[in-house]
Amino acid sequence: MKVAVYGKGGIGKSTTSCNISIALARRGRKVLQIGCDPKHDSTFTLTGFLIPTIIDTLQVKDYHYEDVWPEDVIYRGYGGVDCVEAGGPPAGAGCGGYVVGETVKLLKELNAFYEYDIILFDVLGDVVCGGFAAPLNYADYCIIITDNGFDALFAANRIAASVREKSHTHPLRLAGLVGNRTSGRDLIDKYVEACPMPVLEVLPLVEDIRVSRVKGKTLFEMAEYQPNLNYVCDFYLNIADQILSEPEGVVPREIPDRELFSLLSDFYLNSTFTNESDGGYDHQDVPLDFTII
């Protein structure tokens, strides 16, 4: 099974991906996580360092695939999860989709692409071109990471459109949304009411999730000496269980941009004014999740 993880830049895709990979490994699966970002830091919390990228390795080998060995590009991370970083083209040049294609090509040459029970693609930021959507060409499922804010859901809607487009060529399905580090889910619920799709899990607003990224450790590793984090790990295990159940998923029908803007902004503003009329808080107390320009 192959799973592609998408979401707005900075939403916590890599942190979430690493913890899901560990959860899948805890369920007895052989897992490979492929980072698809020029920053090549997707697997940092699994390995504890920035591993060499496939593109860097191919350049050193002058693109002679026969000179590349699995140990040159595949690194064993925490919990037995294998890690690969695709890397990317130089800034302002080249195509991210080409890099993903070269990564898959090399893994096939090494007879590694089909050796895993689960391959998880952790993909950079928002989908802005066909190149960044390239991992969807190989995926059975897409998972979108979001929060309870306007911008993340706007990006999720764009990604849903890419899933629908790619589903025309192969049996790709959207497994669902994962809300990351949020204390509420009212906007998420409003969005999925208008654009039906599963919500796999909503992760709590726990500072240790963010801190784990800085420490270069997954929540599972931190929980070994901080048992109070075990309950957070259960959220990721629940996501893993849903993935392993091979859910039916959906082919989403995205909402037109202007309609989505009106839907979420009106809902947000109306709920704000309702709370104000009830004496809950005034304008200065409203926690803004987005800015209208």
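Here the Cβ of each residue, glycine as well, is placed from N, Cα and C on the backbone.
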| query | Gly10, Ile11, Gly12, Lys13, Ser14, Thr15, Asn180, Arg181 bind ATP according to Swiss-Prot; which of Lys30, Lys39, Lys166 goes with them? | reply | Lys39
| request: Look up Cys129 ([4Fe-4S] cluster binding site) in the DSSP assignment and reduce it to helix, strand or coil. | output: coil
| task | Taking the residues Gly10, Ile11, Gly12, Lys13, Ser14, Thr15, Lys39, Asn180, Arg181, which the record names as binding ATP, find the longest CA to CA distance and state it in Å to the nearest whole number. | result | 23
| field | Other CB atoms, at most 10 A from the CB of Arg181 (ATP binding site) | value | 18
| said: Comparing the binding-site residues Cys95, Cys129, which residue's C-beta has the most other C-beta atoms within 10 angstroms in this structure? | reply: Cys95
| field | Candidate binding-site residues Gly12, Lys39, Arg181, pick with smallest Cα gap to Cys95 ([4Fe-4S] cluster binding site) | value | Lys39
